[in-house]
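Everything on this sheet refers to the single structure shown next.
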There are 2 protein chains.
Amino acid sequence: MQIFETIAELRGFLREARCQGQSIGLVPTMGALHEGHLSLMRTAAAENDIVVASIFVNPTQFGPQEDLAAYPRNLEADARLAAQAGVTAVFHPSVEEMYKPGNATWVEVVGSLTESLCGRTRPGHFRGVTTVVSRLFNIIQPDRAYFGQKDAQQVQVLKRMTQDLCFDIQLRVLPIVRESDGLAMSSRNAYLSAAERQAALVLSRSLAEARRMVETGERDTAMLEATVAAFIRQEPLAVIDYVELVHPDDLKRRERLETISLLAIAVRIGKTRLIDNTLLEVPNVLNSI
Amino acid sequence: MQIFETIAELRGFLREARCQGQSIGLVPTMGALHEGHLSLMRTAAAENDIVVASIFVNPTQFGPQEDLAAYPRNLEADARLAAQAGVTAVFHPSVEEMYKPGNATWVEVVGSLTESLCGRTRPGHFRGVTTVVSRLFNIIQPDRAYFGQKDAQQVQVLKRMTQDLCFDIQLRVLPIVRESDGLAMSSRNAYLSAAERQAALVLSRSLAEARRMVETGERDTAMLEATVAAFIRQEPLAVIDYVELVHPDDLKRRERLETISLLAIAVRIGKTRLIDNTLLEVPNVLNSI
């Protein structure tokens, strides 16, 4: 596995691979790799001749009060894990390589996709994501790019961007990977103290609670949201950012559950903001008769 | 020459050409082709194996009070001219093909490049330009793209976008093409009545006046701008939008002429808004000794 720090060198490497007819998969990450990232990389390795994993803590997707400086960075460990997962090339640019002097260009998805959920408490976050991912797409020109369903809103925003800007790239979305006790894998889990780690289980458990309610017939959005919120509030270390049940495509709220909905939550455990989500499917009554 | 109406068909055609190692040049236009466009196409044909000319009157770069509906459209004549100029494929998508339902993505260059000059009187114009050009770049993935110096600000904005978003595309900028009496070629010249056509000569003549002043030693920006503006005001049919002397790279105003400056003007002749520009070069005294 090779590590590239510059766009020019990575492009040289990929040009050669492309000329030989090799397919290219891209796994964009901010490093601090965990099993969620590695599942993306393994799938990318199975589906492509070449896998590029980018490791870049992108400053433009962090708010001024957020954890840019503290975000965990460990290139050596990440490179070892990526190699084991089948990655061909790690792209690890400096901030100056990705944002050259005089940089003034933003790529932005507007409307409900970026204004809802995390968009409300993290203004500018998705603009930073689409801006950096569009650059990665242009640098690497992959056939396929891999993202985790953990970042459900990010996935919808990037699907929109990819379609709107006519990128000839297939987006592959893989399931959330969880610890054995249910906590969704996240690089930010590393911030949690032992007590907070225990408290953080309230996220996945509250989602399970919602799934049980839907199975027993609950269809009212407000009731489901209120019950999940009440469940989370039982945990003293948890502070709710949002609990929202939305349509998985447009991320807009509906009064009642339709065929399928996305229950998305963001919760602060101490100073750490965690997100989780689940799809809630209304059982098809006709099929079950 | 082939005409493509859909992204998928054009991509199929280009994929084949690219596989055979052919280079691709792109000339983005809004149609109503004139000698300015044709000079871009001929150069593109000389420098590339394949030349794609896009003909698309892009609604997102027109303001609500502007001439989107009236803008001249004549595909048949344009296709004939493009073929004669060496174009391999015309891309003529519908608005719905370029902006699919649910479209919500903008590409925007912010700051002085888009806020100055035309950016002041045409808010959103350059956002529309960068949004459509980034799509054309992704659809066609050209090796080179051709633009006219007539749209000097557009050129700077697109250079910025291309660099910032890491498009692997060379921008080629060709000189303004003028009628024999000096009027810069523009599709909007077709709007002019005979009297307006005569009045429109004030644009290129005012630029010549500025060049004369610089040759005779004038270096003061305000003085040059005031003289050009006074020259234009002598023409009763002309209403000045702006007369500005800026640095050609950042489009910011300087107090005095440096080595090279861009004198850019926008003038309404009747209902028609025309632009023109010239580079003003300070003679290198050391060389002339």
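Every residue, even glycine, has its Cβ placed from backbone N, Cα and C.
Remember, predicted model here, so these are calculated numbers, not experimental data.
These features come from TrEMBL:
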- A:His37: active site, proton donor (ACT_SITE)
- A:30-37, A:148-151, A:Val177, A:185-188: ATP binding site (BINDING)
- A:Gln61: beta-alanine binding site (BINDING)
- A:Gln61, A:Gln154: (R)-pantoate binding site (BINDING)
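Taking the features listed in TrEMBL, we show where each one sits on the structure.
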residue	record	DSSP class
A:Met30	ATP binding site	coil
A:Gly36	ATP binding site	helix
A:Gln61	beta-alanine binding site	helix
A:Gln149	ATP binding site	helix
A:Gln154	(R)-pantoate binding site	helix
A:Val177	ATP binding site	coil
A:Ser187	ATP binding site	helix
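When Cα-Cα distances from A:Val177 (ATP binding site) are compared across the recorded positions A:His37, A:Gln61, A:Gln154, the shortest belongs to A:His37. A 10 Å cutoff on Cβ-Cβ distances gives A:Met30 (ATP binding site) a total of 19 other Cβ atoms nearby, all chains included. Around A:His37 (active site, proton donor), taking its Cβ as the centre, 27 other Cβ atoms fall within 10 Å, counting all chains. Around the Cβ of A:Gln154 ((R)-pantoate binding site), the number of neighbouring Cβ atoms within 10 Å comes to 23.
Using CA atoms as reference points, the recorded positions A:Met30, A:Leu33, A:Gly36, A:His37, A:Gln149 were checked against A:Gln61 (beta-alanine binding site), and the closest is A:Met30. Across the fold, the C-alpha of A:Gly36 (ATP binding site) and the C-alpha of A:Gln154 ((R)-pantoate binding site) stand 15 Å from each other. Applying an 8 A CB threshold to same-chain residues 6+ apart, the list for A:Leu33 (ATP binding site) reads A:Ile55, A:Ala77, A:Asp78, A:Leu81, A:Ala82, A:Ser187. Long-range neighbours of A:Gln149 (ATP binding site) (same chain, six or more residues apart, CB within less than 8 Å of its CB): A:Val155, A:Val173, A:Leu174, A:Pro175, A:Ile176, A:Asn277. Neighbour counts of Cβ atoms within 10 Å were taken for the binding-site residues A:Gln61, A:Ser187; the minimum is at A:Ser187. Cα of A:His37 (active site, proton donor) to Cα of A:Met30 (ATP binding site): a distance of 10 Å. There are 18 other Cβ atoms within 10 Å of the Cβ belonging to A:Val177 (ATP binding site).
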